[in-house]
Structure formats: C-alpha cells, structure tokens
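Here the structure comes first, spelled out in structure tokens, and everything after it is commentary.
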Amino acid sequence: MNPSQHAEQFQSQLANYVPQFTPEFWPVWLIIAGVLLVGMWLVLGLHALLRARGVKKSATDHGEKIYLYSKAVRLWHWSNALLFVLLLASGLINHFAMVGATAVKSLVAVHEVCGFLLLACWLGFVLINAVGDNGHHYRIRRQGWLERAAKQTRFYLFGIMQGEEHPFPATTQSKFNPLQQVAYVGVMYGLLPLLLLTGLLCLYPQAVGDVFPGVRYWLLQTHFALAFISLFFIFGHLYLCTTGRTPHETFKSMVDGYHRH
C-alpha cells in the first residue's frame, strides 16, 4: 500500500480514533483554545487602536537600508508561508467535517503533498542555517537575556505607543529582537519538527499502531493541538509585521530583502 492509501485509510477511520469536531461536538480543550484565540484577536485589535491613537512616527524614507534577507531565505519564507496556509486549511476542514467523503480524499492528498514539501523546506532552512550566515541569528545569547526581553516587552506595551525608537533595531549581527528570537527558535526547532513528526506518523500509522495500539488517538490529538498552537504564532507574527515605520514596511523587506530603519 502506498503512502497516499495509508493516509486515506487513516483519514477514513478518523472517527475510530478521535471524534471529528462538528458544531454539535467541541471538546473542552478546543473550546478553551478557541476562546484564547478570539481573546488574542481582541488584544491585538486593542493594541493596534492604541498605536493608531498614539504618537505618529514619520513614514519618510530615511534611506537607511540593510540587506538582511537573501534570496534563499525569502524563497524559503514565502514557500513556508504558503504551505502552512494550505496545510492548516486542508487539516482544519477535515477535522471539522466541513466537506463530504469525495472532497476528503482530495484534501488528504493535498495535505500529504504539502506536508512533504514543508519537510523539504524545513530541511532547507536547517541547511541554510548550518552552512550560511543566517544561522547566527538563531543563537540565543543567554547572558542578560531577561533584561533585554524586559526592555523589549516594555517597548511593545508602552514605548511603541509613544513613538519611541526600537530598543533592538535589526542589524546584520542580529535581525531579531530578544522576544522574536526565542519565538522563532521555539517554532522552527520545536513546534515545526513536532508537527512534521506527528504528521509523518499519521501518514504511516502502521509504524506505531501495531506496537502502541492506543497511540493513534493521542497522535491525532497532538498533531491537531500543535497545528492550533501554530495559529497563535501566525497571527502574532503577522500583527508584529505591521509595527514598523509603516504597516507594510516589514512585508516589503521580505520581497526585496532590505530592512528599512
């Protein structure tokens, strides 16, 4: 049996391992996660409103540009983003039983292909960081980290409303602030590998099902929970990208590779 058949078989037997989430059935943990996600949107919306009413920064182009994002990094970034969207969409649609059996088969195939492509992207990311100059941005300097993180937190909560300058501007030595660095390291070297691993085990259930018969339930629950956690990161990441001198400035840097001060 090929991997696609394994995936389709596993998906068709999903209800045997974990109930599909329908409007009539939402487990308590999913309700809590949903409330937290909505709460996050409200907090980000309030923060955006306070920023808009605060001191305005000049949007004038100061001509200070630093080339921080190579073509390889930008290609990886946009490929990663597209695959994440496709995987989340196909996975959530299946879990919430939004379509019929015929569409499920197509969504499983999309999910499988995108999963392998995401694995390739992640391996490329690890390779770029291992042999290129991008890796040092992910090495956390532990000495004084708490003080730096506190300073960055204060900026996000108060300083940004007052038009203060960023305490840790992006440079060729460090393109991430302390909070960004920890978040990106956690996602790229923790959350994403776990998502890929649980996804592969879901694709090849016979690898664990015969040895640990009850593990399939927890495998699916874990994979779905990790995917839901990634939603928090994605929304937070997108919002923070709007906190530059202009709302579109950071997005532009991922197009041409230049960070603007």
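A Cβ is built for glycine as well, from the same backbone N, Cα and C atoms used for every other residue.
Annotation comment: Swiss-Prot describes HIS77, HIS237 as heme b 1 binding site, evidence class similarity to another entry. DSSP assigns HIS77 (heme b 1 binding site) to a helix. Taking Cβ-Cβ distances under 8 Å and a sequence gap of 6 or more within the same chain, the neighbours of HIS77 (heme b 1 binding site) are TYR69, MET254.
What Swiss-Prot lists as heme b 2 binding site is HIS111, HIS223. Its Cβ taken as reference, HIS111 (heme b 2 binding site) is surrounded by 22 other Cβ atoms within 10 Å in the chains shown.
Using a 10 Å radius centred on the Cβ of HIS237 (heme b 1 binding site) and all shown protein chains, the other Cβ atoms total 15. The menaquinone binding site annotation in Swiss-Prot covers HIS237 and rests on similarity to another entry.
As annotated by Swiss-Prot, transmembrane segment applies to 25-45 (among others), with the evidence given as sequence analysis.
Positions annotated as transmembrane segment by Swiss-Prot, on the basis of sequence analysis: 81-101 (among others).
Sequence annotations record features per position, and here Swiss-Prot assigns transmembrane segment to 108-128 (among others). Within the chain, the transmembrane segment (108-128) has long-range Cβ neighbours (under 8 A, six or more residues past its boundaries) at 3-4, 7-8, 11, 72-73, 76, 79-80, 83-84, 86-87, 90-91, 94, 134-135, 188, 192-193, 196, 199-200, 203.
Residues annotated as transmembrane segment in Swiss-Prot: 182-202 (among others).
Residues 29-30, 33, 36-37, 40-41, 44, 47-48, 51, 84, 87-88, 91-92, 95, 156, 160, 180, 183, 187, 191, 194-195, 198, 250-251, 260 of the same chain, all 6+ positions outside the transmembrane segment (224-244), place their C-beta atoms under 8 angstroms from a C-beta of that stretch. As annotated by Swiss-Prot, transmembrane segment applies to 224-244 (among others), with the evidence given as sequence analysis.
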Open item on the list: What residues elsewhere in the chain lie close to the transmembrane segment (182-202), defined as a C-beta under 8 angstroms and at least 6 residues from its ends?
Closed with: 7, 10, 115, 118-119, 122, 125, 138, 140, 149, 176, 208, 219-220, 222-223, 226-227, 229-230, 233, 236
Task: Residue numbers, six or more beyond the limits of the transmembrane segment (25-45), whose CB comes under 8 Å of its CB atoms - done: 19, 225, 228, 231-232, 235-236, 239
Task: Residue pair HIS111 (heme b 2 binding site), HIS237 (heme b 1 binding site) - Cα distance, angstrom, rounded - done: 23
